[in-house]
Amino acid sequence: EEAIFLRKKITLLRAFSLLIGSMVGSGIFISPKGVLKNSGTVGFSLVVWFACGLLSMFGALCYAELGTRITKSGGHYIYILETLGPLPSFLFLWAEFFAIRPANSAVVSLAFGRYILEPFFAPCTAPVPAVKLVSLLGYYMVLTLNSWSVTWSARLQTALSVVKLLALALIIVPGMMLLAQGHTENFQDAFDRESLVLDKLPLAFYAGMFAYSGWFQASFVREELVRPERNIPLAVIISVITVIVGYMLTNVSYYTVLGTQDVLASPAVAVSFVQQAFKSLISVVPVLVALSCFGTMNGGIFTFSRTLFVASREGQWPPLFSMIHIRRHTPLPAVMLMFPLVTAMVCVGDIYHLMNFFSFSRWLFIGLATLGLIVHRHRHPELHSPFKVPLFVPVSFTIICLFTVAMSFYSDPVSISIGCTTVLSGFPVYYVIIHRQIFLPFFFPTLSDYLTHKLQLLLEVVQQEIKTY
C-alpha cells in the first residue's frame, strides 16, 4: 500500500555510530601485532599508527567532499563510476565482490570467533574448527538482522559503538595508570634503526590502515542519510579524531604492559593485555572485543549491500540486486549475496594472509576514487560544493595510496599478485558481458528474465519506486 524505496533513517548520531562501529572493530585488537612485526620497534609502530590516522583523516575529508558533490549511494564504486568511467568502476566492483569484501568480512568474523571463545579455553588457544564455526554463526546472525530491518541494524550499530568505546577505555585506563607509576621499561630503544626494515613498511601501513578502515562507510548510504551535506562532513571529522586519539592511547597501553615479544607471540593481543594488567576483567574484555567485531560485521554488511544495490541500478550487476523487500524495505538480495564467499573464506582463510590479500585492491581503488575527486573538480569548476578540502589533501592522499600499493609488491609479492590477478580478471568479463555483450547465447536474456522473475516471487522483492538521489 505504500511506495517501495530505501527510507532516510540515518541521522547524525547513527552516521557517527556507523563510522565508529566500522572503524573500531577487530583491527585495534589484531593489527598491533602486524604493525609491530613489519615496523620493527615500538617507536616506529606508534609513528605508523599516527601516520595511518592522519592518512585516514585525509581520505575521510576527500570522501566527505565527494559525498556532497555526488548525491548517489555506493561509496568507492559510484565515485569511480562518476569521475573515471565505467571500466575502473566495474573492476572495483569485481575485486570488491570476489576479493576485498569477503576477505575483510572473513578477517573480522574470525576475530569475533577467536575472542568470544578465548575465555573458555584460556590459557590454551581455542581450537581452529571451533573458532571458524562460531565466526560463521556470528556472521549469519548479522546477515539475518540486515535482511530483516534497517532500523534495527542502525540501532544495533549505535549500541555496539558504545560497547566499542567501553572496550577501548578498559584497555586505556589500566595502561595509563601503570605508565603514570613509571613503568616505561618497554619503551627503551623505541627507535632502534637496526630493527627497521623499509621494504616491510607497506605491510605495516596495511595493518594500521585496516584498523582505521571504515571512515568511508557513510558514503555508501548517502541516499539514506538525513541532511547529508551537513552530516557527512561532521560525522567523518568527529569520528576519525575520536578513533585516532583512542588508538594511540590503546597502543601505548599495550606496550606499557606487554613487551615486544609478548605482542608478537599473542594470537589475541587484548586478551594477553588483560591477563597481565587487569586479571579481574579476564572474562569481560574478550566479550567486549567480540561484540566490537560484531558491530564491524554489521556495518560492513549494511554498507556493501548498498554498493551492489547501486551497481545493479547502474546496469553493471544483475537487476535482481537493485530490488527491495516489499514489507521490510531492505535490499534483501544484495544483503544475501555475500553469504557463500564469506563462508568459503572463513573456512579456508588465515587472518594475516587475508589482510594482505585484500588490502592491495582496497587501497588501489581508494586512491583512484580520490584521484577522481581531482578530475571531477577539473571537469566541473562551476559545481558548488557545500564542503571543500584544500587541493593538497586529495593530491597527497592519492600519491601515498598508489605509492604504498606499488611498494607492497616488494613486501608480499605472492598475496599482492593474487590480488592484482583478481582485479585484472575483471577486464575480459567487462568487455564480453558489460561493454560488448557478445558471446552470450541467444537464450541468455530469456533465461535471465525467467530466473529473476522466479527469485522476485520467492524473495518478495520489487524495484525501487521513488528516486532518492
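Backbone N, Cα and C define each Cβ position, glycine as well.
Positions annotated as transmembrane segment by TrEMBL: 12-30 (among others). Within its own chain, the transmembrane segment (12-30) has Cβ neighbours under 8 Å at 107-108, 111-112, 115, 154, 157-158, 160-161, 164-165, 167-168, 210-215, 217-218, 221, 225-227, 230-232, 234-236, 238-240, 242-243, 246-247, 250, 268-270, 289, 292-293, 295-300, 302-303, 351, counting only residues six or more beyond its boundaries.
Beyond the ends of the transmembrane segment (42-64), by six or more residues, the same chain brings 32, 35-36, 75, 79, 186-187, 190-192, 195-196, 201, 204-205, 208-209, 211-212, 215-216, 218-219, 232-233, 236-237, 240-241, 243-244, 247-248, 251-252, 255, 260, 366, 369-370, 373, 387, 389, 393-394, 396-397, 400-401 to within a C-beta distance below 8 angstroms of the stretch. Summarising the annotation, TrEMBL assigns transmembrane segment to 42-64 (among others).
Counting only same-chain residues 6+ beyond the ends of the transmembrane segment (76-100), those with a CB under 8 A from a CB of the stretch are 63, 66, 70, 216, 219, 304, 307-308, 310-311, 314, 316-317, 337-338, 341, 357-358, 361-362, 365-366, 368-369, 371-373, 375-376, 419, 422-423, 425-427, 429-430, 434-435. The transmembrane segment feature in TrEMBL is assigned to 76-100 (among others).
Under the heading transmembrane segment, TrEMBL lists 120-142 (among others). Counting residues 6+ beyond its ends, the transmembrane segment (120-142) has Cβ neighbours under 8 Å at 105-106, 109-110, 112-114, 267, 271, 275, 282, 290, 293-294, 297-298, 301, 339, 342-343, 346-347 in the same chain.
Among residues of the same chain six or more beyond the transmembrane segment (162-183), those with a C-beta under 8 A of the stretch's C-beta atoms are 20-21, 24-25, 28, 246, 249-250, 252-254, 256-257, 270, 273-274, 277-278, 281, 284-285, 288-289, 291-292, 295. What TrEMBL lists as transmembrane segment is 162-183 (among others).
Look at TrEMBL and you will find 203-220 (among others) tagged as transmembrane segment.
Per TrEMBL, the feature transmembrane segment maps to 232-250 (among others).
Under the heading transmembrane segment, TrEMBL lists 287-311 (among others).
The feature transmembrane segment is assigned by TrEMBL to 332-354 (among others).
Look at TrEMBL and you will find 360-377 (among others) tagged as transmembrane segment.
Within its own chain, the transmembrane segment (389-410) has Cβ neighbours under 8 Å at 55, 58-59, 61-62, 64-65, 199, 201-203, 205-206, 356, 359-360, 363-364, 366-367, 370-371, 373-374, 377, 416-417, counting only residues six or more beyond its boundaries. Residues or ranges marked as transmembrane segment in TrEMBL: 389-410 (among others).
Within the chain carrying the transmembrane segment (416-434), a Cβ under 8 angstroms from the stretch's Cβ atoms is held by residues 86-87, 90-91, 93-95, 98-99, 315-316, 356-361, 364, 408-409, 440, all 6 or more beyond its ends. Among the features that TrEMBL reports, transmembrane segment is placed at 416-434 (among others).
Away from its own ends, the transmembrane segment (232-250) comes close to residues 12, 15-16, 18-20, 23-24, 28, 46, 49-50, 53-54, 56-57, 60-61, 63-64, 67-68, 165, 168, 171-172, 175-176, 211-212, 215, 218-219, 222, 225, 387 of its chain (Cβ-Cβ under 8 Å, at least six residues beyond either end). Outside the transmembrane segment (287-311) by six or more residues, the chain places 6, 18, 21-22, 24-26, 29, 72-78, 93, 96-97, 101, 104-105, 108-109, 111-112, 115-116, 119, 138-139, 142-143, 145-146, 153-154, 156-157, 160-161, 163-164, 166-167, 170, 214, 217, 220-221, 224, 268, 270-271, 317, 321-322, 331, 334-335, 337-338 with a CB less than 8 A from a CB of the stretch.
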